[in-house]
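Listed in TrEMBL:
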type	residues	note
DOMAIN	A:20-324	domain 'ArsA/GET3 Anion-transporting ATPase-like'
BINDING	A:Lys27, A:Gly28, A:Gly29, A:Val30, A:Gly31, A:Lys32, A:Thr33, A:Thr34, A:Glu237, A:Asn264	ATP binding site
ACT_SITE	A:Asp58	active site
BINDING	A:Cys274, A:Cys277	Zn(2+) binding site
Amino acid sequence: MSDFEVEPSLKDIVTHESLKWIFVGGKGGVGKTTTSSSIAIQLALHNPTKNYLLISTDPAHNLSDAFDQKFGKDARVVDGISNLSCMEIDPSSSLEEFIANNGSGTDQNDPLNGMMSEVTGSIPGIDEAFSFMEVLKHIKNQKNEDSSVIKYDTIVFDTAPTGHTLRFLQLPSTLETLLGKFNEISGRLGPLLNMMGGDQKTEMFNKLAEIKTQVTEVNKQFQDPELTTFICVCISEFLSLYETERLVQDLTKYHMDVNSIVVNQLLFADDDQCKRCQSRWKMQRKYLDQMDELYEDYHLVKMPLLGNEIRGVHNLKLFSRFLIEPYDPKAHKDVVFSLEER
Amino acid sequence: MQLQTLFLVVTGLTILSNLVSLVTKERIQGAVYVVFLRLFLTGEYNKLMKLRSEQLAINKERNAISAQDNYAKWTKLNRKYDALAEEIKKQEHALSSQKSLIDNYVSRALQLLTTLPINALKLWYARKSLFYTRPGTFPWIIDAVIINLPFLPRGSVGIYVWCFCVNRVFWILVDFVKVLTEPRPLPPSKEKVN
């Protein structure tokens, strides 16, 4: 790996043919939403014939704010970019919906009443799993219907801060142990459970097993580097780097492909007059050097800190080009203060 | 089996089983495991020890440097540490599965050596008199109710009662030795505290 230089840009991802899922993740507040929006925009601009969908699974939605356009549960096309759509999914609400649909009977005397919802609700990672499954259902439905509905070639996920996505990847094994335990219990207390409502019990087992097969299927796709990649976003500070390192290690443990890291909010203040900016940049550079050493075979994309919030398609376009064409503080100096005010 | 040999065998086995419970099964299992480690698993065991000492060394090195100033070095050490931890876990798991296997064998062997033959002999020779007491040693009622159990000829001692006696005497002797070898409590000091 080390005998050829890895480009410090996301050009590989933008020009990749087979990628179906792109995850963008990292610590809170480092610019995940901005980065994922920018990636989606660059994808859409570079491949005008393909259709892209940007999904936020973060309960604190901010895609609407980033694009200055209201998005909801259903995909909606971004104004000004006809081949990019966005949607915001609330993981907890889709879980509640599932429970409401498949939930318990109306028999108040049944001791197993509501057990299903309690059991499923307490599995770690289940809410994320449900939002992913929702998306998949959405996409599968589209395949069957006529050509008037848009088919998406690639889907970009703006994930919730670190942990959640990983928990989702753990879900199949969690469910497996859970089902094993259940089977053990029902083997011992079988007759008793049957007396208390055996039908519901078997129904619950079947449902959990069904969820498991679905999740396993999704996971298989996510672990295929030809189909899925993960982009970590961080800022050049100790804790953020530490979290990123852990994220990278965990992703590798779950066999998920990760080869790009976006370092956000860099000051590039070499020729700046501002003393504070200069010393801050010195600190950022210290960590950048360390990162260069640590992640030499990753795409390490260095993004500048601009003068204002990056909101709206125009500003996102301005910002996002540095994902492809590395930012040069001399040549691109004007961009910093050229954002449209909102 | 002749009565004399039966008597000796039963007495010996009972004492042996009591000795085992005095030493405790766990200690015997531990000792057997240690011997087994030394004889057959030295490679595995040394590997585990080496891994552990490596991990310790890395931890020391990691703690010696500042994470913020030498982030790259620190993270590389972290990676190594985690990799080692994983390996140690695997190694420990392999060894512990060996241990449970050995423990299983040892406890079964102990059972085969002590409990099983005693019970078999007790069952087989239940109605045999091992020896007779001199007439008049015990009042007849004690003879009939305790000594002659289970319904042996008057004045004779069976295998059950004999085993019981051996057990009692053994533990009384153990207690006696324990009391003798226990360190004496210090005499109260005569100095005034206040």
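One-based numbering along the chain as shown.
Every residue, even glycine, has its Cβ placed from backbone N, Cα and C.
For the pair A:Cys274 (Zn(2+) binding site) and A:Lys27 (ATP binding site), the Cα-Cα distance reads 28 Å. Cβ-based crowding with a 10 Å cutoff singles out A:Gly31 as the top-ranked of the binding-site residues A:Gly29, A:Gly31.
Long-range neighbours of A:Cys277 (Zn(2+) binding site) (same chain, six or more residues apart, CB within less than 8 Å of its CB): A:Leu267, A:Ala269. Least crowded of the recorded positions (A:Lys27, A:Thr33, A:Asp58, A:Glu237), judged by neighbouring Cβ atoms within 10 Å of its own Cβ: A:Glu237.
The 10 Å shell around the Cβ of A:Cys274 (Zn(2+) binding site) contains 11 further Cβ atoms across the protein chains shown. The separation of A:Asp58 (active site) from A:Lys27 (ATP binding site), Cα to Cα, is 12 Å. In this structure the C-alpha atoms belonging to A:Gly29 (ATP binding site) and the residue listed as 'active site' are separated by 12 Å.
Across the fold, the C-alpha of A:Thr33 (ATP binding site) and the C-alpha of A:Asp58 (active site) stand 9 Å from each other. Across all of the domain 'ArsA/GET3 Anion-transporting ATPase-like' (A:20-324), the predicted model scores a mean pLDDT of 80. Under the DSSP three-state reduction, the residue listed as 'active site' is assigned to coil, being neither helix nor strand. Separating the Cα atoms of A:Asp58 (active site) and A:Gly31 (ATP binding site) is a whole-number distance of 13 Å.
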